[in-house]
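What follows is a short report on a single structure.
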Amino acid sequence: MSTTIIGFPRLGEFRELKFTTEKYFRKEISEEELLAAAKDLRAKHWNIVKEKGITEIPSNDFSHYDNFLDAAFLFNVVPASVQNLDLSDLERYFALGRGYQGEKGDVRALPMKKWFNTNYHYIVPKFEKDTQVKLAGHKIFDEFQEAKELGLNTRPVLVGPFTFLQLSDFEEGVKADDFVDSLVAAYQEVFAKLAELGATRIQLDEAALVKDLTAEEKALFLNLYNKLLADKKGLEVLLQTYFGDVRDVYADLVNLPVDAIGLDFVEGKKTLELVKGGFPADKTLYVGIVNGKNIWRNNYEKSLAVLEQIPAENIVLTSSCSLLHVPFTTANEEFEPALLNHFAFAVEKLDEIRDLDAIRNGQGSEALAANKELFATERVGENAELRARIAGLTDADYTRLPAFAEREAIQEEAFKLPALPTTTIGSFPQTKEVRAKRLAYRKGELSQKEYDAFLAETIDEWIKWQEDIDFDVLVHGEFERNDMVEYFGQNLSGYLFSKNGWVQSYGMRGVKPPIIWGDVTRLNPITVKWSSYAQSRTNKPVKGMLTGPVTILNWSFPREDISIKDSTLQIALAIKDEVLDLEAAGVKIIQIDEAALREKLPLRRSDWYEDYLDWAIPAFRLVHSTVAPDTQIHTHMCYSEFTDIIPAIDNMDADVISFEANRSNLEILDELKAKNFQTEVGPGVYDIHSPRVPNEGEIDNTIEAILAKVPSKKVWINPDCGLKTRGIPETKESLIRLVEAAKAAREKL
């Protein structure tokens with residue numbers, strides 16, 4: 001047998017790529033310096049994988065921003081507005097992901113969506129009528145050649161043509177079938193050039209095959225691959241899947257003239273059953289047996305039990321998905337050994353893959369013995385009081401009274417807000433000064449009194465600024481918070497926090513998910529101090545800002561020893577206690593963010609309710625079910641596909657919900673109208689994930705489009721997400737335009 005991985009983290013052990021790229025964005029280094037630093041980082045990563053004994057090393061899994069965007073650039077799927085910018089290739093590439101606003105032009109970034117059921121986001125290309133698909137880039141060849149010069153014959157990785165078409169957008173009047181022939185020709189040209197450079201095998205990532213597929217989608221897949229595989233240009237083709245099983249196309253897949261198939265044996269419910277039903281002797285099976293999404297040690301006995309049931313003769317052991325979804329290494333963590341031994345980050349997962357391979361080959365007995373010992377004892381005890389509280393919950397605990405319509409009238413009278421009320425999602429820019437003060441406080445260089453004085457002064461400044469530009473519902477800015485999940489987790493029992501456990505979320509942005517180690521309870525009030533302080537500084541309502549239980553769970557590394565449902569209910573009770581304390585402190589508008597609600601929705605529709613929504617929605621309702629009718633509950637959701645779960649979202653029974661909608665062209669509005677959505681809505685009127693400031697009239701046009709679909713009495717005006725990562729000048733300029741546009745729209749009602 002041999003070993004490999006689907007992909008490796010690219011930000012670097014200490015987020016080197018992030019910091020270098022941000023220097024480039026700030027024009028502190030040149031394009032050449034950025035490219036040189038990235039080349040050094042790739043060499044370092046390849047060397048790590050090689051030294052760990054992995055026999056097949058991937059290349060082109062690295063990206064300066066996003067692999068899906070890389071594929072779009074490679075195949076010339078670039079809007080004319082960006083093609084025409086008088087910029088370098090790299091500048092145009094970044095313009096697709098970040099937008100561009102400067103002397104050469106003004107273009108908006110492409111949409112951004114969640115990558116399947118992860119917290120990674122991909123950039124969504126758009127096929128237009130004038131799109132000419134052709135081989136236009138060279139990154140995949142350059143990186144293969146780089147590795148070859150280091151003595152490594154790597155396996156290049158590329159998004160497969162089916163997934164590329166399935167996850168892209170199409171201009172009205174064009175469809176995926178229109179681009180099959182040109183896309184196949186472009187892929188075959190890639191094959192030919194790689195073969196010429198000395199490559200022997202290419203990995204085509206086809207994660208879209210693990211979703212429910214219609215007859216038309218299966219036909220598209222087969223049409224693409226029958227044409228593509230008719231001439232492989234001498235390359236072996238590995239068709240790699242992950243995030244689930246391929247039950248809809250397995251029979252077709254094994255009959256295609258591919259040389260190898262990669263399947264997920266971790267998240268694929270039916271993968272083992274499918275393979276036991278037969279796997280071709282002339283193909284290699286890449287067995288995704290080490291979890292690429294979670295950070296717990298692999299249980300070797302359980303993995304070996306699965307491997308023993310696989311009838312395939314030619315096997316390569318691999319990760320269940322790319323390792324970009326886990327942190328780099330545990331080597332830089334400071335946990336006690338008794339804790340650390342339970343964790344495997346990306347580098348340690350290389351060891352696990354190698355160990356499993358060795359054990360199967362009659363070696364590795366010491367590794368197996370150590371692993372058995374690790375799993376021989378209970379890792380953590382139970383909180384009996386918490387378990388009893390959950391067991392005692394009844395239907396009434398999940399039901400808020402009175403019903404929405406009655407609450408809406410009560411709140412209208414209580415708050416007396418104007419039509420189209422304005423607010424923001426919660427956070428304001430975290431400047432270098434804010435971060436430096438927090439760090440100094442953590443290090444003990446700043447006293448509690450000094451730190452509190454700084455936070456109070458900063459909150460005062462932003463409360464006054466919001467009043468000055470005439471916002472209707474204010475926020476305190478969240479300057480005391482580092483991360484919307486970590487901040488809460490630090491005040492909950494059962495949580496652990498890594499020092500350097502960064503994971504890429506989008507572009508160069510990393511998140512550091514906490515680890516749910518044991519049962520979760522609230523230790524102390526978390527947000528009451530600063531939310532109530534901010535409310536005391538103004539007569540306007542100030543929103544209390546909380547992270548919801550499903551998002552806290554989804555943006556953490558969850559336990560594997562209890563169900564995620566039970567873990568979420570534990571978190572929900574902790575956040576419920578916080579909601580009630582905020583209300584008691586006089587905070588009458590409370591936002592409970594569920595930014596990641598859609599994220600862990602099963603990829604197959606048949607699993608949506610039983611496996612997820614039937615407990616995720618009640619968990620949210622549990623949090624706010626006992627607040628008074630004149631307390632207004634808001635929630636917020638980030639980049640995801642929401643249109644297919646609108647009724648479930650309405651059933652959360654919040655009073656107001658804000659969506660990301662601007663970057664995806666307000667697509668959700670038609671569905672809100674069709675489903676008679678009852679909750680008041682704030683479909684973000686400008687995209688904060690791009691540094692560009694909306695043009696004069698841009699927000700006005702967006703509001704006009706919203707009001708064409710949603711009754712004005714139901715509409716709130718807000719950005720599409722929090723402003724933590726933006727600069728102060730662009731934030732203030734954008735928000736002033738937002739308030740002006742809202743006032744102008746009111747006059748037209």
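Cβ atoms are placed via backbone N, Cα and C, with glycine included.
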Same-site residue for Zn(2+) (record: Swiss-Prot; known: His636, Cys638, Cys721; options: Glu610, Glu660, Glu696, Glu698): Glu660
Residue among Glu171, Glu172, Glu594, Glu599 sharing the 5-methyltetrahydropteroyltri-L-glutamate site, where Swiss-Prot lists Arg15, Glu16, Leu17, Lys18, Lys114, Trp555 as binders: Glu599
For the L-methionine site that Swiss-Prot assigns to Ile425, Gly426, Ser427, Glu478, which of Asp566, Asp577, Asp581, Asp593 is also named? Asp593
Name the one residue among Arg15, Trp555, His689, Cys721 whose Cα is closest in three-dimensional space to that of Gly426 (L-methionine binding site); these are the recorded positions. Cys721
Cβ contacts of Trp555 (5-methyltetrahydropteroyltri-L-glutamate binding site) (under 8 Å, same chain, 6 or more positions away): Asn119, Met484, Val485, Val511, Pro513, Ala595, Ala596
Cα-Cα distance, maximum over Ile425, Gly426, Ser427, Glu478, Asp593, record's L-methionine binders, Å: 13
Long-range same-chain neighbours of Ser427 (L-methionine binding site), Cβ under 8 Å, sequence gap at least 6? Val475, Gly477, Glu478, Arg481, Met484, Met545, Gly722, Leu723, Lys724
Does DSSP give His636 (Zn(2+) binding site) helix, strand or coil? strand
So around the L-methionine site, Ile425, Gly426, Ser427, Glu478, Asp593 aside, which residues have their CB within 8 A of the centroid of those CB atoms? Thr424, Val475, Met484, Met545, Gln591, His636, Gly722, Lys724
Please name the residue among the recorded positions Arg15, Lys114, His689 whose C-beta has the most neighbouring C-beta atoms within 10 angstroms. His689
Let me know how many other Cβ atoms fall within 10 Å of the Cβ of Ile425 (L-methionine binding site). 26
Measure from the CA atom of Ile425 (L-methionine binding site) to the CA atom of Glu660 (Zn(2+) binding site) and give the result in Å, rounded to a whole number. 10
